[in-house]
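One structure is given here, and the rest of the page talks about it.
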Amino acid sequence: MDAFEYRDKTLFCEKVKIEDIISEVGTPAYIYSKNAILARYHELKAAFGDVDSLICFSVKSNSNLSLCKILAEAGSGFDVVSGGELFRTIKAGGDPSKIVFAGVGKTDGEIRDALANDIFMFNVESLAELEHIDRLARDVGKVAKVALRINPDIDAKTHAKTTTGKKENKFGIDFTEAEGLIKQSSRYPGIELCGLHVHLGSPIYTVDPYVNALRKIIKLIEKCRDAGLDIEYMNIGGGYCISYTGEEVIRPRDYASKILPLVKEMQCNLLMEPGRFITGNSGILITRVTYTKETVHGKKFIICDAAMNDLLRPALYDAFHRIWPVTTGIPMPKVEEPEKAAVKKGTELVDIVGPVCESSDVFASKRALPKVGEGDLLAIFSAGAYGFSMSSQYNSRPRPCEVLVDRDQYRIIRERETYDDLIKGEIIPE
Ligand code: LLP
């Protein structure tokens with residue numbers, strides 16, 4: 001979280017005081033550090049530098065045009081999962097020849113768009129999809145590059161709702177069926193099967209699931225080669241973890257040390273699809289305390305102006321995000337234990353909630369927080385990935401603005417929505 005640091009008892013993003021940004025843009029507001037994003041991109045690129053690799057930034061984690069543009073300029077490719085993400089990526093200056101298109105339900109329209117833009121590769125998740133891509137490619141006289149997404153039936157030991165590589169998940173082609181499909185692929189002249197893909201879930205806090213999946217896939221690649229088929233690319237997906245609690249977690253070089261030998265053994269070029277690792281700890285959400293409320297049962301609620309519609313992760317996955325006042329004399333603990341709030345002098349146990357009419361609209365419960373009152377600002381950390389991109393207008397709440405900081409400069413990269421934005425496109429029948 002080094003892009004966000006307390007100096008003289010107040011929070012900075014790079015060289016800019018958060019309070020200065022907020023006095024101009026208001027709350028709630030997402031704030032991103034450009035240089036943190038770039039540092040993480042380069043850290044990952046360097047860690048896997050031993051092989052020919054392409055990082056395809058997972059647009060779903062944060063699809064803001066300015067962020068995609070920064071990454072495009074740094075040389076990144078993109079992992080998209082919808083026609084909308086493809087549209088955004090190209091608008092942001094993403095190079096189509098570095099775009100991979102994943103997802104279990106690509107429509108014909110989306111496939112046609114991707115073919116028209118000459119994207120790099122489709123990650124294919126079923127025989128039915130393969131047949132559609134083949135037909136649509138032939139219709140326009142093209143041959144689509146394809147990687148088969150394998151479901152290796154590996155438990156990534158992450159949240160049940162973000163696990164994707166187990167046999168009961170909807171993703172990928174069952175490991176046992178993949179070989180037959182690969183061997184039949186020459187029957188489809190509209191496709192060139194040149195890669196395999198795997199994404200196990202996210203976030204993944206150990207390297208073992210990747211290693212176990214790749215060990216299984218190596219055998220498949222050998223069988224393909226025996227059958228005279230060349231697999232040029234191995235796409236290992238995303239899922240690289242970040243620290244949400246301040247604790248040390250494994251870093252790209254730790255993943256690389258165990259993954260690279262296997263990729264080398266495969267003699268494949270490496271593709272990867274990180275999202276959270278690049279944007280997660282490069283962004284925060286700032287909210288203002290509207291009220292505090294103490295119940296007769298002894299509970300204290302901090303009611304703030306951001307809500308589950310702005311940051312859904314706590315409500316959806318019980319995800320832990322650190323929360324601390326923007327200005328306070330009490331230092332934020334270096335590490336927090338999600339299950340065990342440490343109440344120290346000056347802090348109290350509170351529930352930090354939003355105004356949405358749902359009991360799940362809770363950012364944190366039984367959290368030790370320095371005493372705050374109406375009008376105080378709180379920072380919700382690790383909000384750069386799956387924050388704004390999963391936001392909605394639920395309860396007819398205009399979505400927050402987004403701000404990008406670059407050293408001592410900042411600018412708004414998405415305006416706060418207005419009430420007019422809420423009713424855009426709606427038609428009242430006469
Ligand atoms: N590739 C594929 C095929 C994916 O499905 C995903 C994420 C990624 C790459 C990027 O994963 P990352 O490196 O960001 O962990 N909304 C959830 C996470 C769901 C991610 C879905 N797929 C969250 O807030 O944690």
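Cβ coordinates are placed from backbone N, Cα and C, and glycine is handled just like the others.
Source: prediction; values computed, not measured.
Copied over from TrEMBL:
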- Cys357: active site, proton donor (ACT_SITE)
- Gly239, Glu273, Pro274, Gly275, Arg276, Tyr386: pyridoxal 5'-phosphate binding site (BINDING)
- Arg276, Arg313, Tyr317, Glu358, Tyr386: substrate binding site (BINDING)
- 36-279: domain 'Orn/DAP/Arg decarboxylase 2 N-terminal' (DOMAIN)
- Lys60: N6-(pyridoxal phosphate)lysine (MOD_RES)
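For Glu273 (pyridoxal 5'-phosphate binding site), the same-chain residues lying six or more positions away in sequence with a CB closer than 8 A to its CB are Cys56, Phe57, Ser58, Asp79, Val100, Ala102, His199, Asn235, Gly237, Gly238.
Its own atom aside, the Cβ of Glu358 (substrate binding site) has 14 Cβ atoms within 10 angstroms in the protein chains shown.
Listed in sequence order, Ala156, Thr158, His199, Leu200, Gly201, Ser202, Pro203, Ile204, Arg276 are the same-chain residues at least 6 apart in sequence whose CB falls under 8 Å from the CB of Gly239 (pyridoxal 5'-phosphate binding site). Straight-line distance linking the Cα atoms of Gly275 (pyridoxal 5'-phosphate binding site) and Lys60 (N6-(pyridoxal phosphate)lysine), rounded to a whole number, equals 7 Å. For the pair Tyr317 (substrate binding site) and Tyr386 (pyridoxal 5'-phosphate binding site), the C-alpha distance works out to 12 angstrom. For the substrate site, whose annotated binding residues are Arg276, Arg313, Tyr317, Glu358, Tyr386, the maximal Cα to Cα separation is 27 Å. Pairwise Cα distances among Gly239, Glu273, Pro274, Gly275, Arg276, Tyr386, which the record gives as the binders of pyridoxal 5'-phosphate, peak at 15 Å. The recorded positions close to Tyr386 (pyridoxal 5'-phosphate binding site), defined as a CA atom within 10 A of its CA, are Lys60, Arg313 out of Lys60, Arg313, Cys357, Glu358.
Screening the recorded positions Arg276, Cys357, Glu358 for a C-beta under 6 A from any atom of ligand 1 leaves Arg276.
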